[in-house]
Amino acid sequence: MSHQPKPLSEVEHIKTQSRLLRGSLAESLEDPVTGGLATPDTNLIKFHGSYQQDDRDVREERRQQKLEPDYSFMLRTRLPGGVCTPAQWLVMDALAREHANHTLRITTRQAFQLHGVIKDDLRPTIARINEAMMDTLAACGDVNRNVLCNPNPVDSRVHETVYQWAVRISEHLLPKTRAYYEVWLGKEKVAGGEDEPIYGATYLPRKFKAAVAVPPLNDVDVFAQDLGFIAIIEGDALVGFNVSVGGGMGATHGDAATYPRLADVVGFIPPEQTLAVAEEVVKIHRDFGDRTNRKHARLKYVLEERGVPWFTAELEKRLGFPLQPARPFAFEHNGDRFGWTEGHDGRWHLTLHLDSGRVADRPGAPHLTGLREIARIHTGDFRLTANQNLVIAGVTPEARDAIGALVTAHALDSFRSASPVRRNALACVALPTCGLAMAEAERYLPTFVGRLEDRLRAHGLQDANLLLRITGCPNGCARPYLAEVGLVGKAPGRYNLHLGGDARGQRLSHLYRENIDEDAILAALEPLFEGYARERQPGEGFGDFVVRAGHVPSPAVQPRPS
């Protein structure tokens, strides 16, 4: 009996016919009849760094009025390692006020997002981003996304070297099509000879995420990435990277064939082999990823189903050289270090806490204005963290008092007073703009944290470094499956409760309760907090406790898909 191959997903056909990501984007942008794009172009624009969205708070009202959805666009920058200059910050600040919803958002991939950009403003907004020596190319889509890197230059000069490798990886894996420059920047079409040497005409089966980590901090959650480079430092020198492959957070409710997965460390390489390894890992995803089912298309499923030994052998065959054995390393924490720290060169770095990465002017908290004023006098740079916070980096000793005064005057000093659970918490955007959200996340986080703080305080745990993450759907943009307490949206006001991750980003959590509301979540946590307060060992985190006490399975017995 012959087996017919499964049909390709619809997006694969769109990419095939797109002429290297051009599609009919130019025509869609000029169409005055609608605030949206032609359906195929809504997929293609992701590669250019944007998502078409609509305001779900008014979707039903507009439907009843026989109006099209209230379309707008989210724009995301490509900003390797999250480093930007004060001048670039001021450009993003101006665009947020002129063309977006008067807010900036720092993402869990160290990038800026603008929300609420209307179709007619897309071209001028993208043009100004490019004029500021940034871009949005490959910030979304079936390509390598923004490359993460430890954002804080405190520890050593090696951190700057590692950051430069993150930039080189990002540039090396950038799509080569001229479509972006033609559609958005008015560049002339070049006749013939265009190809995609790494991606091919249909790019990857799904998104690809890469990160560079510098132990002992795992602030980029390297094991949640498709590809990770873990810096190995001996003395004051970078000697190479351990390579990790096959991580990913996304899953689908009710589909056992989809699941979060931690990456596997497959070996060690010297720095000069970094770009070759990055390219060949991407090509393996290109050639073996599932193009028939986008929910099953990430690289992690290739490793899970074919096995790590197969993957390593395939990678070494393509490279033409073997990987060396992985070298020892240790992670201590995956959070940020708040407040002032002095760097190796005598300059100072101030890490600010931002709720869910949102920079806005709110009553009593004019953060957007405050950071604008800081950018006008700052001579160092800004570093966006993968925990949605911000480092004002490279502050001279002479400027420290002035920067500190602006921070205080604009209520940017919450890192001093916020509880550890509030400082460490992450949330995705979710409603009202994300089309995938099943429940609230960013808008709900402050309320839930407040109630959680009350329960922790009742048990004397107000200083516990609890790691909480909330996402509005199971795709896991805020990496909830690595949290000690993770809420994953299931329906309006209802979440799956995951417990048992750790504060090092090295252990997946376990589903503890399914489809429950806030009261039930707090009721489920109450006896665990009581036990943790009574029985925890010195230095033991909450996630470690719930595993040790048997409330959730340990990783050794946690079921894995077969």
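Keep in mind that glycine also has a Cβ here, set from the backbone N, Cα and C atoms.
Database features (Swiss-Prot):
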BINDING   C428, C434, C473, C477  [4Fe-4S] cluster binding site
BINDING   C477  siroheme binding site
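Features per Swiss-Prot, on structure.
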residue: C428; record: [4Fe-4S] cluster binding site; DSSP class: coil
residue: C434; record: [4Fe-4S] cluster binding site; DSSP class: coil
residue: C473; record: [4Fe-4S] cluster binding site; DSSP class: coil
Local Cβ density at C477 ([4Fe-4S] cluster binding site) - other Cβ atoms counted within 10 Å: 22
Any further residue of that chain within 8 Å (Cβ to the Cβ centroid of C428, C434, C473, C477) of the recorded [4Fe-4S] cluster site: V429, A430, L436, A437, A441, T471, G472, N475, G476, A478, G489
Sequence-distant neighbours of C473 ([4Fe-4S] cluster binding site) in its chain (C-beta under 8 A, six or more apart): A430, C434, L436, A437, M438, A439, V488, G489
Among C428, C434, the most crowded of the binding-site residues [Cβ within 10 Å]: C428
